[in-house]
Amino acid sequence: MRRHAIILAAGKGTRMKSKKYKVLHEVAGKPMVEHVLESVKGSGVDQVVTIVGHGAESVKGHLGERSLYSFQEEQLGTAHAVQMAKSHLEDKEGTTIVVCGDTPLITKETLETLIAHHEDANAQATVLSASIQQPYGYGRIVRNASGRLERIVEEKDATQAEKDINEISSGIFAFNNKTLFEKLTQVKNDNAQGEYYLPDVLSLILNDGGIVEVYRTNDVEEIMGVNDRVMLSQAENAMQRRTNHYHMLNGVTIIDPDSTYIGPDVTIGSDTVIEPGVRINGRTEIGEDVVIGQYSEINNSTIENGACIQQSVVNDASVGANTKVGPFAQLRPGAQLGADVKVGNFVEIKKADLKDGAKVSHLSYIGDAVIGERTNIGCGTITVNYDGENKFKTIVGKDSFVGCNVNLVAPVTIGDDVLVAAGSTITDDVPNDSLAVARARQTTKEGYRK
């Protein structure tokens, strides 16, 4: 059976008090609507239509060709919004789910189960519901004496008795697609808001003797909509708890989950330890038996087995097996560290390849460079790679030793088994097996201060 989805993303989000389009506010580093799209796609949907309004181009820019789009010029209610997808879906067979673009916590598993329940019951419509302690603001699920759905009533149209009901509509539905678009034309706006409500489609189906199901989820957080910055923070916290819980169940030690931020696209191997205050973002891959020390930040990087990152920042870089970084080091984009490398305190690496066993232990800048196997770079070494207009490359061969306080003025190549004396400023290439000294000879004037 064909499956379709409509994502409602046209709301202005005035309560966010922001210039940014509501569904583009981020949770765990991604726009809310992108989380929704990924869950919808993951549930086995064949085609997605996103309803956009104010800020339409911004949404299209984020979602791209993963969705079709329909424009809702005036926000006249959820039924009116769904009707905007008519040109894409009206004649389609199968099941259509309707999901709000501001529900970033909804999972593909819940959507899969909703669809399966709907199709197994041969229903014309199914609503996803939940029971919550504070149902204010949500539509209430009103059931008849036999426990079947009688109607969904919105907060502003509810009687006091109906407001006391704690089973609420999530705003997420599954429909027989053709029934949905047939009934949408019959929805009226005679309610307190003067809007066209999507739940009225369910009442129309029931009035015609059709089957309407309710599928209740036990995970209330999944259906939480985000309407303001407080709720955005709550969604962020919920997403982080979910992510950390997943990693801990898969063999990762997170010492203080409440202070640890891990993005949804991060992968972490077993027996890795994450210390307090760590942030790991983007498409980062971390191997097994890694230690990420407290207050480190890692973005879009690869950390191989057994590595240790101590109080450092790693951006768009790769760290080899058993390599040690930090404390207080920075790996900038393009830094590639091999196995058993050491990058120590107050070292900055940018667009540089440090081969296996290389060491840069203290107070150095290595940029646009290749450092050979087992080479030691002394404290205070600087690759002078920029002349104000262009960047130039430094190459240091294997098994070389660069002394402290050395300037390597690029472009320059240092060979294998080379010793560069401390305090040198190297401007010319140095061949293999050489000693390079480039500093003024010391002059001592005894008794000068007497």
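Every residue, even glycine, has its Cβ placed from backbone N, Cα and C.
Quantities reported herein were computed from a predicted structural model and do not represent experimental measurements.
As written in Swiss-Prot, here are the features:
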{"type": "ACT_SITE", "residues": "His362", "note": "active site, proton acceptor"}
{"type": "BINDING", "residues": "8-11, Lys22, Gln72, 77-78, Gly139, Glu154, Asn227, Arg332, Lys350, Tyr365, Asn376", "note": "UDP-N-acetyl-alpha-D-glucosamine binding site"}
{"type": "BINDING", "residues": "Asp102, Asn227", "note": "Mg(2+) binding site"}
{"type": "BINDING", "residues": "Asn385, Tyr386, Ala422, Arg439", "note": "acetyl-CoA binding site"}
{"type": "REGION", "residues": "1-229", "note": "region 'Pyrophosphorylase'"}
{"type": "REGION", "residues": "230-250", "note": "region 'Linker'"}
{"type": "REGION", "residues": "251-450", "note": "region 'N-acetyltransferase'"}
Lowest local Cβ density (other Cβ within 10 Å) among binding-site residues: Lys22, Lys350, Arg439:
Arg439
Nearest of the binding-site residues to Leu8 (UDP-N-acetyl-alpha-D-glucosamine binding site) by CA-CA distance, picking from Asp102, Ala422, Arg439?
Asp102
Contacting positions for the region 'Linker' (230-250) when only residues 6+ beyond its ends and CB under 8 Å are counted:
16, 25, 27-28, 32, 104-105, 221, 224, 257, 260-264, 266, 268, 270, 274
Binding-site residues Ala10, Lys22, Gly139, Asn227, Lys350: which have a Cα within 10 Å of Arg439 (acetyl-CoA binding site)?
none
Those residues of the chain, 6+ apart, with a Cβ under 8 Å from that of Tyr386 (acetyl-CoA binding site):
Gly367, Phe392
Could you say which of the binding-site residues Gly77, Gly139 has its Cβ with the most other Cβ atoms inside 10 Å?
Gly139
The residue listed as 'active site, proton acceptor': which of the binding-site residues Ala10, Asp102, Asn227, Lys350 is the nearest Cα neighbour?
Lys350
Want to know which binding-site residues, from Asp102, Asn385, Ala422, are within 10 Å of Lys22 (UDP-N-acetyl-alpha-D-glucosamine binding site) at Cα; which are they?
Asp102
Given the binding-site residues Ala10, Lys350, Asn376, find the one whose Cα is closest in space to the Cα of Asn385 (acetyl-CoA binding site).
Lys350
Determine the C-alpha span of the acetyl-CoA site listed in the record, that is the greatest distance between any two of Asn385, Tyr386, Ala422, Arg439, in Å to the nearest whole number.
22
Segment-level pLDDT (mean, integer) for the region 'N-acetyltransferase' (251-450):
98
With Cβ-Cβ distance below 8 Å and at least 6 positions apart along the chain, what are the contacts of Ala422 (acetyl-CoA binding site)? List them in sequence order.
Gly378, Gly403, Cys404, Asn405, Val406
